[in-house]
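A short worksheet on the structure shown next.
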């Protein structure tokens, strides 16, 4: 069996060095003094740690205790536009009550007229998965982390809250070597910038997501979490993913059929447990109580974990600017557990979808991909409509492939754009765009100024936007190192 296994890298660089910098090194004294502000007369807010679509993350300290915290700031207007303010308040109310040693603590929630402030535990140890990026863990170490993961997930499930985005970026390790699950109650911000200044999308890759979630049908979030725990356990023991393929459609098919192989070093007991975790039918998937009864899980398990539940206090602050004179009014919200739609789904509904960029690596540079929740037929209609609006000649070469031709000759002849639609699952389509003829600079101008803006209505998430890596806009002009006439 071992010779048949194709081993793909566990994580790319952007996954290992997670952009949500709650657990990165604390800023130096000089850096803090340069950017220090005071938030609500309670927290010193230092340098910017991360930046995303919905807001920013800052390093901070509580003034009275000196405790390090991470301060996540979200734009309230974006929440209101989705009509989900009350929904996220209820979910936060639940998570504010949670105190579990294996969950990153949401310490406090405050709000002004325009912003929501989440005061989070600052975890120093780093990502669990950075420990295994060069190889698998020993079985006893993997078991310890899996036990702590299941304990955290079970605790929140018992309170009606599912994570729905369990993945390597959300598994941290504190200075004592214990697991901390982040973003329970707050879904990870979909796009954040690392310290290298590059944008890295961090929404859940399909490699960790349950089949029923990918199909976008009604699903039980708790059962989806169990599937993700199975993927995580496999990776802890193997050092690589069970479902991975250079071809996106093949990977989807593997997930939908749960087609994978076990490395030869997996013990019979671990294989037995994983086979029950990675079951396609969620109704036949093993439950958490059953997981906890398995011999493999129970080996070397510690005493039951003690935890506490605190009273909720959410502050609504009327001042728009954090200062030392901010006035606070405290209100108490009764925790309610939404049955079908909670904060994770809420954030996901506003997020940019799955980050599939690592799956689309290609030598053909001028190509882009995006996922869409529109049907393939609707997408084709939209593409043809865009071509006509841009006064281009439209030619459908296949049922789900279309070419758009410029009507005038450019510097290197007539420009042509090819678009092809792949329906990988019900309500999930992948669209590939590329330059098939013409000048590179003219194509990039057409793409950036006309094609991409016109597509935003149907785009769930952009992926593998590789043409931007080779083209820079300077003084209003596009400059490229590309000389080829065709890239698809």
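Here the Cβ of each residue, glycine as well, is placed from N, Cα and C on the backbone.
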Looking at 153-182, 183-212, 213-242, 243-272, which one is region 'Activation loop' according to Swiss-Prot? 183-212
Annotated stretch (region 'PPI', per Swiss-Prot) among the listed ranges 334-364, 365-395, 396-426: 365-395
Rounded to a whole number of Å, the separation of the Cα atoms of residue 165 (active site, proton acceptor) and residue 57 (ATP binding site) comes to 19
Under a three-state reduction of DSSP output, how is residue 57 (ATP binding site) classified: helix, strand, or coil? strand
Can you tell me how many other Cβ atoms are located within 10 Å of the Cβ belonging to residue 165 (active site, proton acceptor)? 25
Three-state secondary structure of residue 165 (active site, proton acceptor) from DSSP? coil
The region 'PPI' (365-395), counted residue by residue under DSSP: helix, strand, coil: 14 helix, 9 strand, 8 coil
